[in-house]
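So that we are looking at the same thing, I have put the structure below in structure tokens.
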Amino acid sequence: MDKISDAVSEALEKAFELAQSAKNPYVSENHFLKCLLENTESLFYLIIKDIHNNPKLLTSAVDEALSLEPSVIEGSAMPKPSPGLQSLLLDAKQEAKDLGDEYLSGDHVLLAFWKSNKEPFASWKKTVKISLDDLKKLIINIRRGNRMDSPSAENNLRGLEKYCKNLTLLAKEGKLDPVIGRDEEIRRTVQVLSRRTKNNPMLIGEPGVGKTAIAEGLALRIVQGDIPESLKGKQLYVLDMGALIAGAKYRGEFEERLKSVLKDVESVDGESILFIDEVHTLVGAGATDGAMDAANLLKPALARGTLHCIGATTLNEYQKYIEKDAALERRFQPIFVTEPSLEDAVFILRGLREKYEIFHGVRITEGALNAAVLLSYRYIPDRFLPDKAIDLIDEAASLIRMQIGSLPLPIDEKERELAALIVKQEAIKREKAPSYQEEAAAMQQSIEQLKEELAALRLRWDEEKKLITGLKEKKNSLENMKFSEEEAERVADYNRVAELRYSLIPALEEEIREDEEALNQRDNRLLQEEVDERLIAQVVANWTGIPIQKMLEGEAEKLLVLEESLEERVVGQPFAISAVSDSIRAARVGLSDPQRPLGVFLFLGPTGVGKTELAKALADLLFNKEEAMVRFDMTEYMEKHSVSKLIGSPPGYVGYEEGGSLSEALRRRPYSVVLFDEIEKADKEVFNILLQIFDEGILTDSKKRKVNCKNALFIMTSNIGSQELADYCAKKGSRVSKETVLSVVAPTLKKYFSPEFINRIDDILPFVPLNTEDIVKIVGIQMRRVAQRLLERRVTLTWDDSVILYLSEQGYDSSFGARPLKRLIQQKVVTLLSKALLKGDIKSDTSIELTMSKDVLLFKKIEG
């Protein structure tokens, strides 16, 4: 028998394997029946399931019959088909012939079983009380005019059920989230669906704005009956592309599956609507070696109006795939779905709040909803509302839920303290001296007291957990009751509606209110079950690295004394330190301009006066590590084409996919200090890029992605006018002001930088040449760093004033600033100490002092 469907052929093969493994000499019709029932995707199984909702009853009867089959002890010869199985297959072949089918399939086998009266099938058949004529009608209804003309034809029946999800059924079962707002878009979708031809809306919008939610909203309205007469009673299916492609082994199998779905939608005469999410994936799908792609299968049905279809795709994909295919584009009516306003996004979150509260078992405050929208809008610019705000609420709620299930911090601390005391007591008990025994007895009292405190805390924890868990269960019950009320109203069961609306629901709501009040009135609660704006800010900070949560007292104090902290590292530059500190304080309390970077500063001055050091010190203070500073040496950007290094190569060039060094650094770490060293050496094209960043806080990279630069601090350093500045300061001494210094360098500045560039800089900060006092302070800072490194080897280093004076005199050169000091300390001090350490002259746990003797550095050990 050569023309058998794939499903029947597979069942026959498995039947032979089953008989062989059970050592049965013959493959009976029961082996075959068992294997047919195991394939839950087969036509045979689907019809059995339609006849009787529980096919397991038949499976159990077949298993019992198989246990009575004879078996042979020796020999493993291949079992032969029994006369009963051969007769059954011949009958099935005749059924296929009668129905005009080319291939024998599962429905033919079922008809043959039905007529054979073989046990245990015959006994099961009596329980279902269905006639042969009714069975044939059911098969015709399932097949919907399809012929078995290929081995896989059987698999393509009921395409809608296999490869689609019924959204209206999910809405009826209450499994969809409520769709708030978007009334205009849903109304427009309904309007297009009501047309006679080309009734296919295409939802186009950015990812996360709510395109899929519009389809779900339509399904909810169909169930509620809030829909025009032309769409009442329709079924909305969403195409599952994964299921459609998965397991399509042979060429043309994917197209067959899609055709079966389209045929099912068309055969019900407009009663089904197909929703294709990410519709652009159909363009090109299945097209190999000149074959048609899946989109071409859609076109005829779309043009005729026999296929009701809703598509959804993003603006970029629509442009890239759909617009290129003019024939496909004109068969859809575009509906643009824009990002909701901040007010609408808050409104949407209010509608979803209850679902998330019930799922996580927490309370979400109004402030949390507002914070989620505002903070996501400001700090997560590369995603869209309401999706990003919903994600914030979801993550914050899951954080609280996780904390409820974990051990509270006070209990954890007490348990650690108790464990440490017990270990210490056990160690003391081993000592024989009476004083130790007394101490062990005293510790026992502390242990008992801690155990009592722990027991009380655990009792409180259990009570709070019980209250919170009970609240979650009651809220779940309330949601189920409200769904039951809606369902009863749909089927006009008004007695049930009245009972739920006026009795059960109000009583449960009152219980929930009482439980919430009882929970709120508890003092010193161990568990937090409220999602507030503080927690939302914490989640945003975790996502972006931008510290927008409320400042701790320690951080506030640190910001107030920022100048003092910076002056410990950068000496003699009060103008720059003061201006930068003010900018950071304004940004940290949220008073800086939200549409511009935190600060844009140009540091002017001769080499070695602390320009780069100040940028490093800022990064260290803000992020606790100097490496957090993103540094660009602008001598690498002197050619016109080098701008592509910053924002990425244009399309078609090597490195296009990698992105630019500046754009990628700011995308990964938006809150950072960006240093452009020696900015005057950069090409003019680089300055044009910086204009956009400094003015709007936005950088557009080579892929047209907008990178947020509003949380970065930009510092540029330059040596422009350093000679004029040095001459002026030498003439005037310490009596210079910032304004007078800038007036000296202004003419030189205008030669290098355009007026529009200078205009976008927040402040131009002159770094004046260092005087003798500054050099002495810098030597002290550098020496303390050497001493710090020695402390790691348990060596204490001190020095007298003569060492500082010698180093400051020998190491300072007004032309080179403080940089030669570092080299001198390396040559004179570090070299001397490293040789002494290698020789063993300096050992661990010693103190040494550096002194001068006839212009020679010496060290001596300090006894004691």
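Easy rule for this one: first residue shown is 1, then count along the chain.
Note that Cβ sites are derived from N, Cα and C of the backbone, with glycine treated the same way.
Not my notes, these are from Swiss-Prot:
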BINDING   G205, E206, P207, G208, V209, G210, K211, T212  ATP 1 binding site
BINDING   G605, P606, T607, G608, V609, G610, K611, T612  ATP 2 binding site
COILED    390-524  coiled coil
DOMAIN    1-145  domain 'Clp R'
REGION    81-145  region 'Repeat 2'
REGION    340-545  region 'Linker'
REGION    555-769  region 'NBD2'
REGION    770-864  region 'C-terminal'
Measuring CB to CB from G205 (ATP 1 binding site), give everything in the same chain under 8 Å that is also at least six residues away in sequence.
K211, T314, L315, F336, V337, T338, E339
Apart from G205, E206, P207, G208, V209, G210, K211, T212, which residues in this chain have a Cβ no more than 8 Å from the mean position of the Cβ atoms of those residues at the ATP 1 site?
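Here the non-site neighbours turn out to be A213, T314, V337, F384, D387.
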Averaged over the whole of the region 'NBD2' (555-769), what is the pLDDT?
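Result for the region 'NBD2' (555-769): average pLDDT 78.
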How far is it from G605 (ATP 2 binding site) to T212 (ATP 1 binding site), counting Cα to Cα, in Å?
58
I'd like to know which of these binding-site residues, G208, G210, P606, G608, G610, is least surrounded, judged by other CB atoms within 10 A.
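Among the binding-site residues G208, G210, P606, G608, G610, the sparsest Cβ neighbourhood within 10 Å belongs to G208.
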Specify the count of other C-beta atoms within 10 Å of the C-beta of G605 (ATP 2 binding site).
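Excluding its own Cβ, the number within 10 Å is 28.
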List only the single closest residue to E206 (ATP 1 binding site), chosen from the binding-site residues G608, V609, K611 by CA-CA distance.
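For E206 (ATP 1 binding site), the spatially nearest of the binding-site residues is K611.
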Are there any residues at least 6 positions away along the chain from T612 (ATP 2 binding site) with a Cβ closer than 8 Å to its Cβ? List them or say none.
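In sequence order, the residues whose Cβ lies under 8 Å from that of T612 (ATP 2 binding site) (at least 6 apart) are L675, D677, T717.
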Is it possible to get the count of other C-beta atoms within 10 angstroms of the C-beta of V209 (ATP 1 binding site)?
23
Round to the nearest Å and give the CA-to-CA distance linking G208 (ATP 1 binding site) with K611 (ATP 2 binding site).
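Their Cα atoms are separated by 44 Å.
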Can you tell me how far the Cα of K611 (ATP 2 binding site) sits from the Cα of V209 (ATP 1 binding site), in Å?
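Just about 45 Å between their Cα atoms.
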Just to verify a number: CA distance, G608 (ATP 2 binding site) to G210 (ATP 1 binding site), in angstrom, no decimals.
56
